[in-house]
Amino acid sequence: MLKYISYSEKRKIKLRGIKMSADTPLMQQYKKIKEEYQNEILMFRLGDFYEMFFEDAKIASKELGLTLTKRNREKGQDVPLAGVPYHSVASYIAKLVEKGYSVAICDQVEDPKSATGIVKREVTRVITPGTIIDVDFLDKNNNNYIACIKINTTENIVAIAYTDITTGEFSVFEIKGKNFFEKALAEMNKIQASEILLDEKTYSEYIEILKEKISFLGVKFTEVPNVRKAESYLTSYFDIMSIEVFSLKSKDLAISTSANLLHYIDELQKGNELPFSKIEYKNIDNIMELNISTQNNLNLVPKRNEEAKGTLLGVLDNCVTSVGSRELKKIIKNPFLDIEKIKQRQFYVDYFYNDVLLRENIREYLKDIYDVERIAGKIIYGTENGKDLLSLKESIRKSLETYKVLKEHQEIKDILDIDVKILLDIYNKIELIINIEAPFSVREGGIIKDGYNSELDKLRKISKLGKDFILEIEQRERERTGIKGLKIKYNKVFGYFIEVTKANEHLVPEDYIRKQTLVNSERYIVPDLKEYEEKVITAKSKIEALEYELFKQLTSEIKGHIDSLYKLANRIANLDIVSNFAHIATKNSYVKPEIGDGDILEIKGGRHPIVESLIPSGTYVKNDIILDDKNNLIILTGPNMSGKSTYMKQVALNIIMAHIGSYVAADCAKIPIVDKIFTRVGASDDLLTGQSTFMLEMTEVASILNNATNKSFIVLDEIGRGTSTYDGISIATAITEYIHNNIGAKTIFATHYHELTELEKELERAINFRVEVKEDGKNVVFLREIVKGGADKSYGIEVARLSGVPKEVLNRSNKILKKLETRKNLIENKIKAEQMILFGNGFEEENEEEETEILSENESKVLELLKNMDLNSLSPLESLLKLNELKKILIGGTDE
């Protein structure tokens, strides 16, 4: 196992080398706190700044582009220093966390004015990639998950718990039995967590595999201790009698994993309230199984921090709410196996598909609904502001209007099952209390409406009169002194003061008291100005404190109904998805599939939804497929680049679309329940694990053969091309026979081995199809139509021509090909001759002489190389390089 040394471990050594006794009280306080947070960058509040010292300062300077300065030298040692303003700290935290650092926020927890000695400071929260609560720095259409994984190798069980702490979602599930960890990897690939917690007993060999397989996501791995008495911890936290409430009875590993995750988050939040009201146990047996290869090969959703274009999500996501987009991403990765759930969603989609006016009206209402789910999270964390409550009010208003419209449609009115009375009460309270122009800050007043609180109104009147009187003083002093440019200004240091330019200094009366001299002006005060200043500032301070108190009273009341807000968010997401599916179906000419428990997979006029979206409208070539109890295994032949892979993937994608309740990209479709989809497509070495193309291919094929059932759908593309031709044919044949005879899964097997087409005669349910090719003189046109029968040519040279290979190379390739074909005929004749030797006609010797005359020494060398080369498996670039190598040999070079 590799030994990972973090930057924090290196800093730990440096920190120990600095003696605390030589420090100021402030630095002693810093170091004492830092000792507890050596794995984090410590942001230390000093006045209006968060400061970082020592190694933290150097890292912050490098990662954030901050100026690195030095604090006072102590015993000949400089203290590196970097700081950021407190009011903009969130953006700096987000940048550090995005780069994989954890940040500890150390705040002043007492008023500096009332402090005796040094101000008391404490770490108020720790922020890691998976525990960001500032939603302004998160992608609104993606969840930010943190996950925890535990493994029991004795019983072959893995448990995974995960949560998005900005939305309150908290789920857990267990995977048991054969290939448990492979399935766990697939689920982790779906979750795409930004941080993964590993318990201290997790087996290293599994963790290394986990890191290798999902390292491309840029995940932060964190080791955490196991929570003792995990079940008691959870029942205590959620204030429940039994864990059975969450369907977790006897699921010890799921309980322990959930406790580890919850405890970690709770510790980082330093006792702040969390948004979790329940743990949802997820039964993944009710979800279609999609392994990592299938998820990636089919381009279902983008990887973390990548755009959705070119994925199924990119095609299907025209949702108009953030909650809808986030939920859609989840359901694409987790297609239903429950036919009732599929048909229920289909019913809603169908209703909106047929009622265009209703659909467009609903989508217009939804456009004005904000991210209720994350606003609810902000209310729980206490980070909400006046703007958030106004957004919530508007969202409730639009939701209630939508509810009213849907109530007129009896068949679908239950889709927006919300707590109307509670939501209306929240709306009315926000409308009564919150100023429509409320600022973002909750500490500076201006949030609460006039007329709501009599004491607040009184203070505002005092403040206004005081400010009016100050304006009167300004006008009076201008007239008394004759200084037209005299101004009364305010700052936090001096309060209110009179400012006079140097040019008018000689006009200043004797009763003015000088407070400050500037380059171009002087600042003064007068007794009655200070008298009213005290009234204004006192009133302002009281106003801000009272407004904050009233604001928090309101949000506390709303917090008591937080479950109703989460319920609203969930219903809005589902409504958005089904109306979106109807919108997409209309826009892209999709059809409602017939889905059921039968065994027939039939798609007429099928298209690849992703490819179709990337090419000009109407240019995609449609194709059919039918797989049933008579023919459930297609052997698909045809040239490279002719559309075999696209055809196979479009079938898989349409199956998935049907299982999430969407319409499909076809003219009509009948799709059975498919429990698992497997795809083995493409050839590339796995650089992370050091596996060759062939080894990787065989590993994935083995997994398919061990896990597929007769309810599965399998896509195999060019199996066996990573080894020699005869080995490849043998393996491909055996795999095809095994799937046909032992598994019975619906399968499309694309191959360049034309020998496999003979299996149609041997395997009862196998059938040959090919990609149609039209030969027009010397040119070849790939029609991209799938027709019955096997292909008899590879058209490899034509593919090379389309790839831009130089004409000289193509011409030479044709000559070589003709010679090879001649040789093939000669060899076939030789075999016949060997059969005739018994009759003594000397045919064998004659053929050998003819072969010798046809091929020179260099040509024989080329022939030998070609015999061992799998031309159909080469990419265009590889073909070009190989052809160039052969050319050098033919003109007298070498193959060195």
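Heads up, the Cβ atoms here are built off N, Cα and C, so glycines get one too.
Here the Cβ of Gly643 (ATP binding site) has 21 other Cβ atoms within 10 Å, regardless of which shown protein chain they belong to. Secondary structure at Gly643 (ATP binding site), as computed by DSSP, is coil. As annotated by Swiss-Prot, ATP binding site applies to Gly638, Pro639, Asn640, Met641, Ser642, Gly643, Lys644, Ser645.
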Request  = Look at the binding-site residues Gly638, Pro639 and tell me which residue has the greatest number of other C-beta atoms within 10 angstroms of its C-beta.
outcome  = Gly638
Ask   = Within 10 Å of the Cβ of Ser642 (ATP binding site), how many other Cβ atoms are there?
value = 25
